[in-house]
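Asks: My structure is below; once you've seen it, I'll send some questions.
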Amino acid sequence: MRKINPQGRAQMSQKQATVIHWFRKGLRLHDNPALIAAVEKLDTLPSAHLRPIFILDTKLVETYRVGANRWRFLVDSLADLDKSLRSLGTRLYVLRGDPVSQFKFALKNWNVKLITYETDTEPYARKRDVEVFKLAEEAGVEVKYFFSHTLYEPIVLLRQNKSEAPKTYQKFLDVVSKAGEPPASKVAVTEVYKQSPPKDPDKDKYQLPTLRELHVDESKLGPHLYPGGETEALRRLTQVMTRKTYISNFEKPNTSPNSIEPSTTVLSPDPNLLICKQIDWDVNPEYLSAWAEGRTGYPFIDAIMTQLRKEGWIHHLARHAVACFLTRGDLWISWEEGQLVFEELLLDADVYLNAGNWMWLSASAFFHQYYRVYSPIVFGKKTDPHGEYIRKYLPKLAKYPPNYIYEPWTAPMSVQKAAGCIIGTDYPKPIVDHAKIHKVNLQRMNAAYKKVPSPPKKNTPKFTRASREDDDDSSVPFAKKFRSEFC
Ligand SMILES: Cc1cc2nc3c(=O)[nH]c(=O)nc-3n(C[C@H](O)[C@H](O)[C@H](O)COP(=O)(O)OP(=O)(O)OC[C@H]3O[C@@H](n4cnc5c(N)ncnc54)[C@H](O)[C@@H]3O)c2cc1C
């Protein structure tokens, strides 16, 4: 028999009914249909206890590379979520271990009536969720999952395309335009318990993780520029939404990859695959580590990689520049190597967005105008002719005059001495000669494309605001296709 407390609530006991909402990627109270479903279940189980859980997944850590800044972002996000949940009379329970064993434990001990979560389509997550689903099914526990990480359910888009993944960006846009409006967002959860919350028998257990517990080497942490958590994300979003001119005129190609303050929102940290062209990339650990550690000798590239390592976020077009440089532009190294480095260092690292964008930039899928090679010299000059961005991230070069800062190896020795930075001693010489190598690589790309034909183009819609790299200029002769920021 359950004891009823003076407010009419059952006393907490291990056998009290429990509803679990499992937080994974969507660490938020807004637009969270799975959390809403969990809270609604409490209406039918008036004495039940809601346990919003997060599992610090020891297996996941083995699968993904996570750098120090990313760990800090997670710790921030969990702390913010816990704070918001506490303001609603509940809290976050952080379990530790592999999810299957944690659910075995929960199903045995918590009298679970419902488990809700947001669907995650990443391969590791899909496998994990099938196992947890099976466990729940065997225990006779209901599971409800919802799509809210992406605007559309991937399967809905696939169905629009005869169950095939779209292989070009134009095709993707076509599929999306046929899919209609995405579902409207859901309001935030503002109430959990209609009466006073049940007591928490585990109040001293399942506490938030700390950086120390996660073995984060604090010396590797960059400045705390982008704190994690829903509160900060909403603050950023609200701030951007007040900038009406920015929003109504926004075109990504016209934003700056090298502004001192970000020129886009930095909202990205807060939300097998496809057929990709087989290109005979080189294996070159020396070049790869020079690129990853910002030692290529091209200041624009090295400054971007330094910002990434220190701060965990770089502008989209800066990602273009370094991804093109690593792959088809200069170093001829596989996009998969670049993807791994980004996965470790980006706060917004996402398996699909990362892989998809890397395939795009390396012209391995979606984007095929491989003759448009970003120049590691000219591209950055367009938005930052004085090289302020380079001066900030590569202070060694801070004293170089603007006309040499993008290519300091061309400065006379007297200028190098006056700037206090001798090229080849204090800062590396370029590891490749871009002017020559990008032409060699164009030929290699040409050969690779001849081996595997591009997918046929048929009935692709014309978009008036297509970004420059998406323009279809197949009718323009090859030699005339270069543009100023390219090659
Ligand atoms: C090689 C490469 C790897 C990338 N890896 C990732 C990744 O792992 N995770 C990630 O979130 N983005 C990735 N991007 C996409 C893009 O660079 C970032 O989403 C964007 O720069 C984030 O900054 P922002 O929030 O200021 O963007 P804004 O310009 O303010 O855009 C608003 C939001 O739109 C979404 N968005 C914008 N551009 C893209 C895009 N090209 N693809 C998908 N979503 C986009 C993001 O959620 C972003 O927060 C990658 C791009 C490249 C070229």
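Using the three backbone atoms N, Cα and C, a Cβ is placed for every residue, glycine included.
Curation does not apply to TrEMBL; its annotations are automatic.
Quick paste of what TrEMBL says about this protein:
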| type | residues | note |
| --- | --- | --- |
| BINDING | TYR246, ASP348, ALA349, ASP350 | FAD binding site |
| DOMAIN | 17-151 | domain 'Photolyase/cryptochrome alpha/beta' |
| REGION | 450-476 | region 'Disordered' |
| SITE | TRP281 | site 'Electron transfer via tryptophanyl radical' |
| SITE | TRP335 | site 'Electron transfer via tryptophanyl radical' |
| SITE | TRP358 | site 'Electron transfer via tryptophanyl radical' |
Asks: For a Cβ distance below 6 Å to any atom of ligand 1, name the recorded positions from TRP281, TRP335, ASP348, ALA349, ASP350, TRP358 that qualify, or say none.
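Replies: Within range of ligand 1: ASP348, ALA349, ASP350, TRP358.
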Asks: List only the single closest residue to TRP358 (site 'Electron transfer via tryptophanyl radical'), chosen from the recorded positions TRP281, TRP335, ASP350 by CA-CA distance.
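Replies: Closest by Cα: TRP335.
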Asks: So how many of the residues in the domain 'Photolyase/cryptochrome alpha/beta' (17-151) end up helix, strand or coil by DSSP?
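Replies: Counting residues per DSSP class in the domain 'Photolyase/cryptochrome alpha/beta' (17-151), I get 64 helix, 32 strand, 39 coil.
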Asks: Tell me which residues of the chain lie with their Cβ under 8 angstroms from that of TYR246 (FAD binding site), as long as they are six or more apart in sequence?
Replies: VAL240
Asks: Should ALA349 (FAD binding site) be counted as helix, strand, or coil on the basis of DSSP?
Replies: coil
Asks: Across the whole of the domain 'Photolyase/cryptochrome alpha/beta' (17-151), what does the mean pLDDT come to? Round it, please.
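Replies: Averaged over the domain 'Photolyase/cryptochrome alpha/beta' (17-151), per-residue pLDDT gives 94.
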